[in-house]
């Protein structure tokens, strides 16, 4: 009776009976559950399968209401999230902490590789490839800047055309390839200059050139491309695993960014011990080879999580949508804005999984892009969602700029504090401690404080403030910027004392300023990352993460510019600037630190001005989130 020959082949629609939900939804309300008309759903399903799709919808967490002729379906199933095969997702199977573990693992492994190489690459390029100190530092700075630029490319692709998990798996192998090429070049003598001590016999050392130099740059920038695209997508993909409209998942989403930052710190801690030891004691070829293997391992484990990820459907180019709104609004600048705008006629032709944004009263001049003058087309008439998406970007822009300026002090303090450590007493008993070990101080502080902050401080503050994350994102960022100012002041005082001391000062007098930099990393780093992610429209989450990395990259460039300005202003005749002396003992680093503190204070006041005027896209209070769910539940 059940023979295979007599069994009819299943109808193609039977395999994925809910695929149409991605394109044909009719929703009402803004709460956790969305209402779909049974009549509408039936129109897209063969009659023989109606019972099947009804049952499957219910198994995915929906409520079947026969009397009202409606079906309630989980939000995550119908507003643009699918599994890795393009099917609707189920809350019980996809997303959540289980999916986030795979992302945490890749984060840790990637930073075991990236953090030590970011700090140690100058040593390799200068000592093995025999470039000058200035050229080596410039090369590394350019690679770090390119990484931030490549992050924008990966973010654009993942928001516009391919999913974030696909972007990671597509570009991640490039980082594996880049470190593999570095390992190969370090291993084969024919691919690098002859070995020599560049400090003792600089004139006899040949600098890397020709095809070998091309191979070096290719390896560095290939790995930067892979790293940049991955770092743009990992935090956004992790946040996608939690629904901010669900109170319990909203808390977990906030915790994700804390643990994501912890993963960066934990990976950096392991890397500064393991990778630096391998590169310095066992050889650069072994160090780079282990880095390549670790990246491959991280990608393989990440791929194992594919069946569990919630993947957002790409919504097309957000940059094009923003440009369309600006162009159309400019063309209609002379028109008067009516009290009620007509809906854009092309709106119904847009994909239905595009996030619908409510109208706001800010930046009203952009609303003129919605005025219907009888012409259709994306460059003649824009829908409300496009306009509101553009408003969000323009509202965030001042905070992006002020945060970038506020972070300028950070790379300056890290760079010069290590140089200070080089001329202090680095002995701890009979052990000589390298100055670079100071980088472990803020990392250890982050690893200790982030779990305490997430598990104890946030619940304590949540009960008193009503905010899901204890305090708002911008308040958390502000605490970090204030700690950077205090670190600059302490650094100036310590440097003055060091120069006046009769005996060589201990290295560990520099610990307080590194401790405060750790406070900044615990607060401003995850706070700013979560702010950009939560405020960005769903179709721009990866670009929001890339903006965060752009803040860090551009602040480093501004720091270099600030050093050059100070040297130029303080240079008198043959006397060099404050930071141009051959030794820090002959420089005025203490005065420069005071300049950095003043710049940081001005940047902080500018940040407070914009932060106080910013209106959050989603009310971060728990009470509001819970109320919306209660109103939506039946």
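Each residue, glycine too, has its Cβ placed from N, Cα and C.
Just so you know, TrEMBL annotations are computer predictions that nobody has curated.
Record note: among 591-611, 612-632, 591-611 is the stretch given as transmembrane segment by TrEMBL. When TrEMBL is compared with the stretches 495-513, 514-532, the one noted as transmembrane segment is 514-532. Which of 418-435, 436-453 counts as transmembrane segment depends on TrEMBL, and there it is 436-453. Checking TrEMBL for transmembrane segment across the ranges 286-309, 310-333, 334-357 points to 286-309. Feature transmembrane segment, per TrEMBL, maps to range 168-188 of the set 21-41, 42-62, 63-83, 168-188. Long-range neighbours of the transmembrane segment (95-113) within the same chain, counting only residues 6 or more positions beyond its ends whose Cβ lies under 8 Å from a Cβ of the stretch, are 76, 89, 168, 175, 179, 227, 230-231, 234, 237-238, 240-243, 249, 252, 256, 259-260, 263-268, 270-271, 274-275, 291, 294-295, 297-299, 301-302, 304-305, 308-310.
By the Cβ criterion (distance under 8 Å, sequence gap of 6 or more), the transmembrane segment (133-156) is not counted as touching the transmembrane segment (591-611), fewer than 3 such pairs being found. Residues 398-399, 402-403, 405-406, 408-409, 412-413, 416, 474-475, 477-478, 481-482, 484-485, 488-489, 491-492, 495, 562, 566, 578-579 of the same chain, all 6+ positions outside the transmembrane segment (591-611), place their C-beta atoms under 8 angstroms from a C-beta of that stretch. Against the transmembrane segment (396-416), the recorded stretches 257-280, 474-494, 514-532 differ in Cβ pairs under 8 Å, and the greatest number is found for 474-494. Ranking 286-309, 436-453, 474-494, 514-532 by CB pairs under 8 A with the transmembrane segment (168-188) puts 286-309 at the top. With a cut-off of 8 Å between Cβ atoms, the residues of this chain six or more beyond the transmembrane segment (474-494) that come close are 399, 403, 406-407, 409-410, 413, 416-417, 509-510, 512-513, 516-517, 519-528, 531, 590-591, 593-594, 596-597, 600-601, 603-604, 607-608, 611, 614. A Cβ distance under 8 Å defines the sequence-distant neighbours of the transmembrane segment (544-566), meaning residues of its chain 6+ beyond its ends; these are 141, 144-145, 147-149, 151-152, 154-155, 228, 231-236, 396, 400, 403-412, 415, 528-529, 532-533, 535-536, 577-579, 592, 595-596, 599.
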